[in-house]
Amino acid sequence: MSPRVLILGLGHWGQTLAYLFEQRGCTVSSWGRSQGALSAALFQDIHLLVSALPIKAVREVAAQVTRLHPPLGIILVSATKGLESETFATAADIWQTYCPHHDLVVLSGPNLASEIQQGLPAAAVVGGNLAATKQVQDCLGSPTFRLYSNEDRRGVEMGGIFKNVIAIACGVNDGLGLGVNARSALITRGLVEMVRVGTHWGGQVETFYGLSGLGDLLATCTSALSRNYQVGWHLAQGKSLSQALALTKGTAEGVNTARVLCTYAQQHQLDIPITAMVNAVLCGSLTPQAALHCLLERPFKPEVIPGQ
């Protein structure tokens with residue numbers, strides 16, 4: 001019998017994951033919030049439960065899932081890249097709270113959905129215990145979608161979360177016509193901020209230099225296909241945040257993530273200047289040009305590479 005997969009979330013990424021599982025011969029069912037409440041029948045005989053929901057919907061849906069008592073053999077796969085505003089919780093944190101006895105893995109990497117749907121090659125990381133990640137690799141991995149495993153679930157998840165903010169910065173850079181040199185500096189120094197916060201959150205340094213960290217950062221910060229990049233680009237063109245979001249198809253998680261990360265960094269005295277400037281632009285307290293000026297006026301300092 002082919003593996004049965006239930007995907008929660010009917011957005012672009014959820015649809016792309018459904019396509020990938022179907023390509024591997026899995027039997028796939030999909031559910032979206034517009035379809036009403038979940039039912040126990042959806043969980044019958046499934047092997048993988050994949051969450052591709054926006055972060056703001058995860059807690060509500062996870063609460064529904066746990067009330068239906070899904071069988072313990074189901075592996076939960078979190079494919080959400082965001083932080084909950086009130087709690088600093090990641091999507092995996094939320095699923096762990098509501099389904100503590102299920103195996104839980106995180107799927108993340110440089111995966112622009114539209115390229116994958118065209119059949120173009122890509123790679124990603126499954127973070128979690130190796131027995132569970134192996135099952136996901138077997139169900140989802142293919143010659144055009146290469147899956148690696150990593151036991152550092154926290155690091156895999158944090159890389160995918162943080163890169164969205166830096167992608168907004170790079171969209172602003174390109175929208176202002178500031179060139180490749182400046183964008184390269186933003187990506188590199190953004191990686192430093194990712195490692196600084198991600199390791200404080202419990203991730204391992206090495207993970208952030210892999211596919212789910214640096215890899216995702218490069219893809220998202222250099223492609224107009226990225227929703228977060230698009231938001232930054234529209235802001236640089238003089239659009240308001242509401243206008244930028246209206247022009248961007250789908251959820252740009254980096255908008256909320258920037259604010260949450262700034263609050264977290266302030267509480268824990270972590271220096272994340274690029275993220276802070278992105279948040280200031282999103283809040284409307286600085287123009288993109290003024291934010292850039294603030295970054296360039298920072299005192300000179302030694303280049304510190306986390307992990308060295």
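Cβ atoms are placed via backbone N, Cα and C, with glycine included.
Features reported for this protein in Swiss-Prot:
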| type | residues | note |
| --- | --- | --- |
| ACT_SITE | Lys163 | active site, proton acceptor |
| BINDING | Trp13, Arg33, Lys81, Ala113, Arg227, Glu253 | NADPH binding site |
| BINDING | Lys81, Gly109, Lys163, Asp216, Ser226, Arg227, Asn228 | sn-glycerol 3-phosphate binding site |
Using a 10 Å cut-off on Cβ-Cβ distances across all protein chains shown, tell me which of the recorded positions (Arg33, Lys81, Lys163, Arg227) has the largest neighbour count.
Lys163
Cα-Cα, whole number of Å: Trp13 (NADPH binding site) versus Gly109 (sn-glycerol 3-phosphate binding site)?
12
Given Asp216 (sn-glycerol 3-phosphate binding site) and Arg33 (NADPH binding site), what distance in Å do their CA atoms have, once rounded to a whole number?
27
Looking at the binding-site residues Ser226, Asn228, which one has the fewest other Cβ atoms within 10 Å of its own Cβ?
Ser226
If you measure every Cα to Cα distance among Lys81, Gly109, Lys163, Asp216, Ser226, Arg227, Asn228, the residues said to bind sn-glycerol 3-phosphate, what is the biggest one in Å?
15
Local Cβ density at Gly109 (sn-glycerol 3-phosphate binding site) - other Cβ atoms counted within 10 Å:
23
Specify the count of other C-beta atoms within 10 Å of the C-beta of Glu253 (NADPH binding site).
22
Three-state secondary structure of Gly109 (sn-glycerol 3-phosphate binding site) from DSSP?
coil
Between the two most separated Cα atoms in Trp13, Arg33, Lys81, Ala113, Arg227, Glu253, the residues recorded as binding NADPH, what distance in Å do you get?
21
If you measure Gly109 (sn-glycerol 3-phosphate binding site) to Lys81 (NADPH binding site) at Cα, how many Å is it?
10
